[in-house]
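These notes are about the structure you will find just below.
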Amino acid sequence: MTEEALWFAFRGDRLLVLEGDEPRVPRASTAEELGIEPIFSRPAGHLGGVPSRAAEVREEAEAPDGMVFRDLREIFAVVDEDFFAVAGRAKQTVGWHATHRFCGRCGGETEIVDDELAMRCTRCGMMHHPRVSPAVIVRVRRGDEILLARSPGFPKGLRSVLAGFVEPGESIEETVHREVREEVGIEVENLRYFGSQPWPFPNSLMIGFTADYAGGELAPQPGEIEDAGWYRADDLPQLPPKVSIARRMIEDFVDRAPG
């Protein structure tokens, strides 16, 4: 008998959840029992001790009765860290499969490898593993103020710490200095590692640093940063979801603020 699992089934960036205010994924032994026809499915870890599966359905797929597809970013604003971790892993796994159905070297079709998280080209044999893109996220402090900025794609009113992808041949420390300089025109010093977090939009590993302001005037990069400013702990704007490392970095700043 097939073991029951929690199904993290995606239609694009939308996750299949039970109807209701609280996002909950369905539980079933098989895709057929759940009422979906997945293009792809494989294990995605455990949530609360229950096995989980990642699945991808076609864009035209309808949600089974009592279920809806909800935008993953919207869901992440209200879920806990355990749900976030499994949902993020499932989303990255599904995204990897969707973009690696053909070999990037020879164009041949790929097939799933059963004993590891990989896909093999049926023509040249090349193995394709999930791509993880390292990115830095940095909290800059100036005295009792924190630097927060707004990117064009943010929800209205939201501000966050700076972030950017590591470029080829670059250390993560070099990336911090470059990204801060490019995005807001200032220099930083005293870099300290804060922590990391997988981020499934689309396949990032966020590597967090804190840094101190070292000089320069704020000059937001056109097209990347709409505005940037210094904020005190008692006068913060709308912040990122609590499940994000960005929010944890900001809350850590607040916890350390005097008074």
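Positions of Cβ are set from backbone N, Cα and C atoms, glycine also.
Note that the structure is predicted; figures quoted are calculated from it, not measured.
For reference, TrEMBL has these:
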BINDING   R73, E116, Q197, P198, W199, P200, F201, P202, N203, S204, A246  substrate binding site
BINDING   C103, C106, C121, C124  Zn(2+) binding site
DOMAIN    127-255  domain 'Nudix hydrolase'
BINDING   A163, E183, E224  divalent metal cation 1 binding site
MOTIF     164-185  motif 'Nudix box'
BINDING   E179  divalent metal cation 2 binding site
BINDING   E179, E183, E224  divalent metal cation 3 binding site
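Feature map: annotations from TrEMBL on the structure.
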residue : record                               : Cβ within 10 Å
C106    : Zn(2+) binding site                  : 12
C121    : Zn(2+) binding site                  : 20
C124    : Zn(2+) binding site                  : 11
E183    : divalent metal cation 1 binding site : 22
Q197    : substrate binding site               : 19
W199    : substrate binding site               : 22
F201    : substrate binding site               : 13
N203    : substrate binding site               : 18
E224    : divalent metal cation 1 binding site : 15
A246    : substrate binding site               : 23
Shortest C-alpha distance to R73 (substrate binding site) - which of the binding-site residues C121, C124, E179, E183, E224: E224
Where A163 (divalent metal cation 1 binding site) falls in three-state DSSP terms: strand
CB contacts for R73 (substrate binding site) [other CB atoms within 10 A, all chains]: 13
The domain 'Nudix hydrolase' (127-255), counted residue by residue under DSSP: helix, strand, coil: 24 helix, 56 strand, 49 coil
In the chain carrying C103 (Zn(2+) binding site), residues 6 or more apart in sequence that have Cβ under 8 angstroms from it: E109, T110, C121, R123, C124, M126, H128
Count of other CB atoms lying within 10 Å of the CB belonging to the residue listed as 'divalent metal cation 2 binding site': 23
Rounded distance in angstrom between the Cα atoms of W199 (substrate binding site) and E183 (divalent metal cation 1 binding site): 21
Number of other Cβ atoms within 10 Å of the Cβ of A163 (divalent metal cation 1 binding site) across all protein chains: 21
Alpha-carbon spacing, F201 (substrate binding site) to C106 (Zn(2+) binding site), which is rounded to whole Å: 27
Spatial neighbour of A246 (substrate binding site) that is closest, considering only the binding-site residues C106, A163, E179, E183, E224 and their CA atoms: A163
C106 (Zn(2+) binding site) versus binding-site residues A163, E179, Q197, N203, E224 - nearest by Cα: N203
A163 (divalent metal cation 1 binding site) and Q197 (substrate binding site), Cα-Cα, nearest whole angstrom: 13
Local confidence of the prediction over the domain 'Nudix hydrolase' (127-255), expressed as mean pLDDT: 97
Remaining residues near the recorded divalent metal cation 3 site, that is with C-beta within 8 Å of the centroid of the site residues E179, E183, E224: L162, G164, V180, E182, V184, Q221, I225
